[in-house]
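Asks: Positions annotated as signal peptide by Swiss-Prot, on the basis of sequence analysis: 1-19. The Cu(2+) binding site feature in Swiss-Prot is assigned to His20, His105, Tyr194. Among the features that Swiss-Prot reports, disulfide bond is placed at Cys75-Cys197, Cys116-Cys120. Residues or ranges marked as O2 binding site by Swiss-Prot on the basis of similarity to another entry: His183, Gln192. Positions annotated as compositional bias 'Polar residues' by Swiss-Prot: 248-257, 298-307. Sequence annotations record features per position, and here Swiss-Prot assigns region 'Disordered' to 248-270, 298-363. Look at Swiss-Prot and you will find 258-270, 308-329 tagged as compositional bias 'Low complexity'. Per Swiss-Prot, compositional bias 'Basic residues' is recorded for 342-354.
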Amino acid sequence: MSLFKFAAFVLGTAGSVAGHGYVTKIDVDGTTYGGYLVDTYSYEPDPPKLIAWSTTATDTGYVSPSAYGTSDIVCHRGAEPGALSAETLPGGSVTLYWNTWPTDHHGPVITYLANCNGDCASVDKSTLKFFKIDAGGLVDNSAVPGTWATDELIAADFSRTVTIPSDIASGNYVLRHEIIALHSAGNKDGAQNYPQCINLKITGSGTAAPTGTLGTELYKNTDAGIGVNIWNALSSYAIPGPALYTSGSDSNTATSGASPPSTNFSPTTTAAAATTTLSTVVTSAQSTSATVVAEQTSVSYSQTPWPSSTATEATSASSSAGGSNNGHTGTHDEAGHCPAHTGKKRSRLNRRRMASCSSRTQS
């Protein structure tokens, strides 16, 4: 093994055990609720009651493709339902805030809903059938590895806003929000899923009941959007999972990995400069999310909901296993495409990092 490949392997292994991220708070139509702080609440004898589901992923790690057929993929490892629910209406807005996200963990950000058909606090997660309501994938392919929905999330202070479909029937629902990191997906079992779940009570006069897919059937490790090498130039990317539901039609009948929307590009020679607000170049069916919140507010350990007037600037949460991500190093593919790079927590996607990476790869 060459020194270059060995160094990339060592750095990649270090990145795989370091902390990544999780949802720390949720804003539902202007009311703020606490997320499940896995590196804190897991060690408390009486954690607060939340709308967020608990998990046992104290390493803030991921679910790998080899576990797609297990219950861990539904709402993360060892997930249990939250005791509370946040009320919203069809057309309502939900913003989910992550504590942090490594700049090199590029990939799609996907959100689903599933009707609990009863009380979500006692639902059997293995029975939940999810339909996709929001998805972002490859935004710009002008320079490897491209600009992704995760980069938009970082630029929006680690948040993404989704809109509840305007025709959804009233009821109790689980909202499943997920990042799929693809920095190592060129390797077998290399994709990393980070699902997070919350409970919603949707009221109103909607009547739509979209067809859903069991959590254990959302993805296959052979899906084109799962086994992909982002360190090679991509002309398109198919977001994994069932089709995106659009109000007025039940479009959620496609099988895993076979459904649009995908992102298609024409080759260009000039890369547009990245800004703090990124425009998603996708098909019209995918542009469903509302404008993301530009400033992150506080992370609190109090009971929910939180009064929004008490919000203060957030500090990054540290992983119980890996600590701070302020210099997080990711894993690249074993063929040696671009050595691992680091980035500050609030990086605005400096394009020069990949130009430098490309020049080193060619040397």
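Glycine is no exception: its Cβ is also placed from the backbone N, Cα and C atoms.
Since the structure is predicted, the reported quantities are computational estimates derived from the model, not experimental observations.
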Asks: Going by C-alpha positions, which of the recorded positions (His20, Cys116, Cys120) is nearest Gln192 (O2 binding site)?
Replies: His20
Asks: Suppose the Cu(2+) site is His20, His105, Tyr194. Which further residues of the same chain have a Cβ inside 8 angstroms of that site's Cβ centroid?
Replies: Gly21, Thr60, Tyr62, Trp101, Pro102, Ile179, Ala181, Gln192
Asks: With H, G and I counted as helix, E and B as strand and the rest as coil, say where DSSP puts Tyr194 (Cu(2+) binding site).
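Replies: Once the DSSP labels are grouped into three classes, Tyr194 (Cu(2+) binding site) ends up as strand.
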Asks: What count of other C-beta atoms do you get within 10 angstroms of the C-beta of Tyr194 (Cu(2+) binding site), across all chains shown?
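Replies: So the number of other Cβ atoms within 10 Å of Tyr194 (Cu(2+) binding site) is 24.
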Asks: Have a look at the disulfide-bonded residues (Cys75, Cys116, Cys120, Cys197) and report the one with the fewest Cβ neighbours inside 10 Å.
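Replies: Lowest Cβ count within 10 Å among the disulfide-bonded residues (Cys75, Cys116, Cys120, Cys197) is Cys116.
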Asks: Quick check for the class: what is the C-alpha distance, in angstrom and rounded, between His105 (Cu(2+) binding site) and His183 (O2 binding site)?
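Replies: On Cα coordinates alone, these residues lie 5 Å apart.
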Asks: Pull out the recorded positions from the set Cys75, Cys116, Cys120, His183 whose C-alpha sits within 10 Å of the C-alpha of Tyr194 (Cu(2+) binding site).
Replies: Cys75
Asks: What is the nearest of the recorded positions Cys75, Cys116, Cys120, His183, Cys197 to His20 (Cu(2+) binding site), using the Cα of each?
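Replies: Nearest candidate: His183.
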Asks: According to DSSP, does His20 (Cu(2+) binding site) sit in a helix, a strand, or coil?
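Replies: Going by the DSSP assignment, His20 (Cu(2+) binding site) belongs to neither helix nor strand, so it counts as coil.
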Asks: According to DSSP, does His105 (Cu(2+) binding site) sit in a helix, a strand, or coil?
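Replies: Its secondary structure by DSSP: coil.
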Asks: Report, as a single number, how many Cβ atoms besides its own are within 10 Å of the Cβ of His20 (Cu(2+) binding site).
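Replies: Taking all protein chains shown, His20 (Cu(2+) binding site) has 25 Cβ neighbours within 10 Å.
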Asks: Which three-state DSSP class does Cys116 (disulfide bond) fall into?
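Replies: Looking at the DSSP assignment, Cys116 (disulfide bond) belongs to neither helix nor strand, so coil.
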Asks: In angstrom units, rounded to an integer, how far apart are the Cα atoms of Cys116 (disulfide bond) and Cys197 (disulfide bond)?
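Replies: Per the Cα atoms, Cys116 (disulfide bond) and Cys197 (disulfide bond) stand 13 Å apart.
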Asks: Between the Cα atoms of Cys75 (disulfide bond) and His183 (O2 binding site), find the distance and write it as a whole number of Å.
Replies: 22
